[in-house]
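Q: Positions annotated as substrate binding site by TrEMBL: Arg99, Glu144, Phe191, Glu192, Gln193, Met194, Glu195, Glu315, Pro316, Ser317, Ala318, Gly319. Positions annotated as ATP binding site by TrEMBL: 176-178, 186-191, 260-261, 319-322. Here TrEMBL flags 7-347 as domain 'Aminoacyl-transfer RNA synthetases class-II family profile'.
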Amino acid sequence: MAAQTMEQLVSLCKRRGFIFPGSAVYGGLQGTYDYGPLGVELKNNLKLAWWRANVWEREDMEGIDAAILMNKLTWRYSGHEETFVDPMVDCKNCKMRWRADQISGKCPNCASTELTEPRPFNLMFKTQIGPVPDPESFSYLRPETAQGIFVNFKHVLDSTSRKLPFGIAQIGKAFRNEITPRNFIFRVREFEQMEIEFFVRPGEDEAWHKKWVEDRINWWLSVGLSRENLEPYHQKPNELAHYAKATVDLLYRFPHGLEELEGIANRTDYDLGSHSKDQGSLGLKARVSPNSHSTDKLTYFDPETKQHVVPFVIEPSAGVDRGVLALLSEAYAEEQVKPAPVDRLKPVEEALGTFLKSVGRNEKLPAQAKEALLAEGERIAQSLGERLPSIAGLLSMPGAEGIEVAKKLRGQVDPVIDEFYRTVLHFKPHLAPIKVAVLPLKKNHPEIVSTAKSIRRKLQSTGAMRIVYDDTGAIGKLYRRQDEIGTPFCITVDFDTLGEGKDAALKNTVTVRHRDSMAQERVAISELEAYLREKMQ
Ligand code: ATP
């Protein structure tokens with residue numbers, strides 16, 4: 001299981017309406033993506049699962065939603081103005097700009113080794129505040145949600161009378177002017193974060209850090225990631241951010257490699273200390289810049305010791321978009337429903353061979369597109385029996401549409417995919433964008449249609465799940481379409497439902513078809529809601 005390549009996911013996401021490239025009608029805007037009808041459901045479900053586990057189901061957490069725009073002094077004292085910089089190099093030949101630590105002395109675009117010396121580049125987007133173009137009236141789009149939590153620490157404390165240890169959770173947009181956005185929604189310029197700042201007594205920080213690492217791994221497992229694809233990485237002392245005492249990155253095996261999904265840092269008393277006035281009186285452990293602007297001391301009065309302390313902070317910080325990518329990748333599978341006979345595979349094999357030859361010979365194709373098409377095409381050809389559905393993805397890759405014989409290949413492959421294969425997203429039911437598809441066996445049979453629609457309306461009225469009605473094809477095809485978007489249950493209304501089948505006892509029952517096992521069972525219409533709610537748990 002799991003996706004083998006990013007192309008498989010990009011293609012499915014675009015084709016079925018999960019994720020689209022941003023501003024496409026104007027040629028796009030690098031590093032931005034738009035979530036479509038299914039993507040927004042998936043993303044909302046992921047955020048809700050996080051909120052549920054970290055706010056609703058805990059006794060030691062509050063939530064907030066702070067403004068994206070903050071007083072620019074926030075970013076001075078948080079350290080972002082000075083330190084939120086990546087060393088960057090420009091290619092003297094093609095003028096592209098790269099992060100120095102991500103290339104090995106060679107331009108990934110044109111392979112030139114003529115690069116400038118690395119220079120710091122601030123990743124924050126600067127933006128004008130107010131109508132007058134005064135050089136002082138600016139701020140930044142927040143590059144992380146965390147600072148909105150720190151500056152509200154006192155507000156939350158005073159309004160809720162919380163005692164240590166407790167946390168504040170927030171989900172929201174963050175913006176970084178990444179030098180080289182890439183790998184689909186993995187590294188983008190506008191993204192969402194799910195962050196917790198968990199405040200503890202100094203001295204209890206190491207135990208809480210350890211606990212949070214375990215909690216966060218368990219949560220990612222609960223949304224469906226598998227343990228073998230998750231790897232905690234303990235940062236080495238020379239890799240730690242200036243504010244961190246210890247950081248554990250949770251790495252995930254994405255299609256493009258093992259990379260960070262979430263970071264869990266012990267930030268000590270750096271943040272609350274940095275945003276406080278009278279820092280000298282606070283007994284801070286962290287080294288902070290003197291703050292001459294803050295109007296408050298971000299401290300906690302400990303009723304046990306009768307002393308004011310600056311709590312230490314444990315920060316589990318996860319990317320929503322990287323989470324969505326991990327879910328898609330983990331859930332993705334191409335499965336053979338029944339073995340395709342050799343005489344059906346042979347013509348596809350030939351058409352694929354012709355297509356790849358044509359790609360190889362094509363002089364108009366940009367080198368990058370050609371290379372990607374050939375690599376993906378050859379990977380498919382090597383184990384055609386198993387990988388055949390990937391041809392749909394291959395044909396939607398950049399450059400494929402301009403290849404003359406692509407149509408012929410599609411004509412050969414589509415019927416074989418329809419008959420012998422399926423692409424499935426094995427999402428956990430609570431994350432699936434659509435929970436139930438109601439399907440009429442016959443779309444021109446008024447009674448079947450009206451029964452199906454009334455089931456749809458009834459389930460919809462519970463407000464508990466997203467339901468769709470679909471009558472745009474034969475039932476087998478409709479099942480495949482729902483498998484491909486991860487719908488866990490299909491409900492089919494047929495002649496038995498109306499009491500017109502062979503078995504009169506099946507009157508007022510429907511077929512419930514399960515996505516993963518493809519098993520079918522009969523369930524009474526009157527019991528459907530309870531049945532689905534139980535399965536959705
Ligand atoms: P990286 O090293 O990959 O740039 P980071 O260590 O700078 O990430 P953090 O500042 O720890 O990231 O941000 C917390 C989380 O926010 C990351 O684990 C990631 O999931 C998410 N995130 C950060 N930058 C981006 C981005 N450009 N696009 C998408 N998600 C991001």
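The backbone N, Cα and C atoms fix where each Cβ goes, and this holds for glycine too.
Automatic prediction, not curation, is the source of TrEMBL annotations.
Are these features on the surface or tucked inside, and what touches them?
A: The DSSP secondary structure for Phe191 (substrate binding site) is strand. Remark: Phe191 (substrate binding site) has Lys173, Ala174, Phe175, Arg176, Ile185, Gly319, Val320, Asp321, Arg322 as non-local neighbours, by Cβ distance under 8 Å and separation of at least 6 in sequence.
Here the Cβ of Arg322 (ATP binding site) has 23 other Cβ atoms within 10 Å, regardless of which shown protein chain they belong to.
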Q: Give the residue from the binding-site residues Glu178, Glu195 that has the most other Cβ atoms within 10 Å of its Cβ, counting over every protein chain displayed.
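A: Result for the most crowded candidate: Glu195.
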Q: Round to a whole number and give the Cα-to-Cα distance in Å for the pair Pro316 (substrate binding site) and Arg187 (ATP binding site).
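A: For Pro316 (substrate binding site) versus Arg187 (ATP binding site), the Cα atoms are 19 Å apart.
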Q: Counting distance between Cα atoms, which of the binding-site residues Glu178, Arg187, Arg189, Leu261 is nearest Glu195 (substrate binding site)?
A: Leu261
Q: If we count other C-beta atoms within 10 Å, could you say which of the binding-site residues Leu261, Ala318, Val320 has the fewest?
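A: Among the binding-site residues Leu261, Ala318, Val320, the sparsest Cβ neighbourhood within 10 Å belongs to Val320.
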Q: Roughly how many angstrom lie between the C-alpha atoms of Glu178 (ATP binding site) and Gln193 (substrate binding site)?
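A: Given the Cα positions, Glu178 (ATP binding site) is 16 Å from Gln193 (substrate binding site).
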